[in-house]
Amino acid sequence: MNSLLMITTCLILIGTVLAEDGYLFDKRKRCTLECIDKTGDKNCDRNCKNEGGSFGKCSYFACWCKGLPGITPISRTPGKTCKI
């Protein structure tokens, strides 16, 4: 029982450490996902959750996500935006 609890705790911690926050980034087009402040929150949230994030919102005309897996391409700044 203690082993199961310890393994579960480790998996939760690993998931928390490997999660990243940032702007969704399209490597092929080399740009961040475009949105319109406030009205784009639903689309950003949906796109972020599709990529494995916990939630997303529109910030500086680009989709910002929280809790993305470490393998998801992100940008730390909004930069050049594009429609994906």
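Glycine residues also receive a Cβ, built from the backbone N, Cα and C atoms like all the rest.
Annotated signal peptide per Swiss-Prot: 1-19, in sequence order, evidence recorded as similarity to another entry.
Annotation source Swiss-Prot lists domain 'LCN-type CS-alpha/beta' at 20-83, citing sequence analysis.
Swiss-Prot lists CYS31-CYS82 (among others) with the feature disulfide bond, giving sequence analysis as the kind of evidence. According to its DSSP assignment, CYS82 (disulfide bond) is in a strand.
Other C-beta atoms found within 10 angstroms of the C-beta of CYS58 (disulfide bond) number 21, with every protein chain shown included. As annotated by Swiss-Prot, disulfide bond applies to CYS35-CYS58 (among others), with the evidence given as sequence analysis.
Neighbour density for CYS63 (disulfide bond): within 10 A of its CB lie 29 other CB atoms from the protein chains shown. Annotation comment: Swiss-Prot describes CYS44-CYS63 (among others) as disulfide bond, evidence class sequence analysis.
The 10 Å shell around the Cβ of CYS65 (disulfide bond) contains 27 further Cβ atoms across the protein chains shown. The disulfide bond annotation in Swiss-Prot covers CYS48-CYS65 (among others).
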10 Å Cβ neighbour count around CYS82 (disulfide bond)? 14
